[in-house]
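Below is one structure, written out as structure tokens; comments come after it.
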Amino acid sequence: MDPSIKLSSLLLASIESTGLVIGIVLIGYIGSRSGIISQKIRKNLAQLVMNLFLPCLLFSQIGSNISASMLLNLWPLAFFCIIYIAIGTFFSKLGSKLLRLSSSNKKFVERSITFNNITSLPVGFIKVLANTNVIRLFACDDDEPPEQTVTRGITYLLLSTLFVLITRCILDLIFSKEKLVKFTKNDLKTLPIYYDETTPLITARSKSKCKKLFKTLSSVMSPPLYAGILAIIIGTIPSLKNIFFEEASFHRNITRAMQCIASMTVPLTLLNIGAQSGFATNLKERETIKSISFIMSCRFFLMPIIGGLLTLTVRNWLIDDPMLIFVLIALACWPTNIDFMNTESNTAALMFYSYLIFSPLIMLTLVTILNLVMMTT
């Protein structure tokens, strides 16, 4: 631990980083409330973020920094993502029953507690912390430059984002299969049955199955998921990695262009969060307040405590990397992950309370995580 880093330094750095990140959210909120950012503009910008900026960020960052050995050493990221999703799902279902929420609010609570913002907020924090002496807290050794420390941290966070996307994809496939089975059992008797054809058309059936499989995968896959998986493949195969990311390679010009586009992902995401919060209309409804209060209690209090305890419990089985400790705890924290294309007023109200009204809780969470990292290094 660097003796020059004290609690006061952590507090000042947390205030600075939180202020900058929330400032961008506030600009988005003001833009939407003043009419500069309309709902149509917000949706178009959201499509750009999800279909262009975020895929570029995942591909350029993960592909250029990942390796097969590094991926094996980072197994805790995938493990913790799955554990946190399972715990969040448990809390959401338990809370929905205790609060006696409606079916629509049950889905809202479950989605909001299970998936949190592990991309724009923590990535933004790490970028701001790079300009303070607190970044030395995450260095693997005294000679590591801040730029390399920041790159490592962002790579860890984006890998976690990819693992969450893969988990959501698998869950969507499971649930869609369950719906199909349920439909078959309930409605089979109502379907017409024909006996005209007695010879099985194997080729036609095979093509039909492949078509159905492709259609199902297309419905749950997304551009960020495609880009992340492609980055893993290229990054773990040295020959492919040299083609796309070696300085002397012609294809390096393409990846440089993608890196320039990727640099806009975090500010545009935060701007979108603020813009969506500006469209909230049911800020004082009792059912909304009840749901949001439970969501924020889980996201700001229960999950961070569980994340800190779980990380400290398995500390001896982890590689000696302070940044990994930070990321593993951070995966359990922060407000809800925004669904950019969701226009529900409940979601907008949750964004408003989480990122604006109770933004000091974000700062306190960051201070707590930094303090835990300092204690374990």
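Glycine too: its Cβ is placed from the backbone N, Cα and C atoms.
Since the structure is predicted, the reported quantities are computational estimates derived from the model, not experimental observations.
Record features, source TrEMBL:
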type	residues	note
TRANSMEM	12-32	transmembrane segment
TRANSMEM	44-62	transmembrane segment
TRANSMEM	74-92	transmembrane segment
TRANSMEM	113-134	transmembrane segment
TRANSMEM	154-175	transmembrane segment
TRANSMEM	213-234	transmembrane segment
TRANSMEM	254-273	transmembrane segment
TRANSMEM	294-317	transmembrane segment
TRANSMEM	352-374	transmembrane segment
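Outside the transmembrane segment (154-175) by six or more residues, the chain places 57-58, 61-62, 65-66, 71, 74, 77-78, 80-82, 85, 115, 118-119, 122-123, 126-127, 216-217, 219-222, 224-225, 228-229, 231-232, 323-324, 327, 330-331 with a CB less than 8 A from a CB of the stretch. Long-range neighbours of the transmembrane segment (294-317) within the same chain, counting only residues 6 or more positions beyond its ends whose Cβ lies under 8 Å from a Cβ of the stretch, are 76, 80, 83-84, 87-88, 91-92, 95, 99, 109, 112-113, 116, 325, 328-336, 350, 353-354, 358, 361, 365, 368-369, 372, 376. The recorded stretches the transmembrane segment (44-62) and the transmembrane segment (254-273) share 3+ CB pairs below 8 A when only pairs 6 or more apart in sequence are counted, and are therefore in contact.
Below 8 angstroms of C-beta separation, residues 1, 5, 7, 10-11, 13-15, 17-18, 21-22, 25-26, 29, 121, 125, 134, 137-138, 273-274, 277-278, 280, 283, 292, 296, 299-300, 304, 308, 311-312, 322, 325-326, 329-330, 333-336 of the same chain, each at least six residues beyond the ends of the transmembrane segment (352-374), sit close to that stretch.
Taking Cβ pairs closer than 8 Å, the transmembrane segment (74-92) reaches residues 109-110, 112-116, 156, 159-160, 163-164, 167, 298, 302-303, 306-307, 310-311, 314, 317-318, 324, 327-328, 331-332 in its own chain, all 6 or more past its ends.
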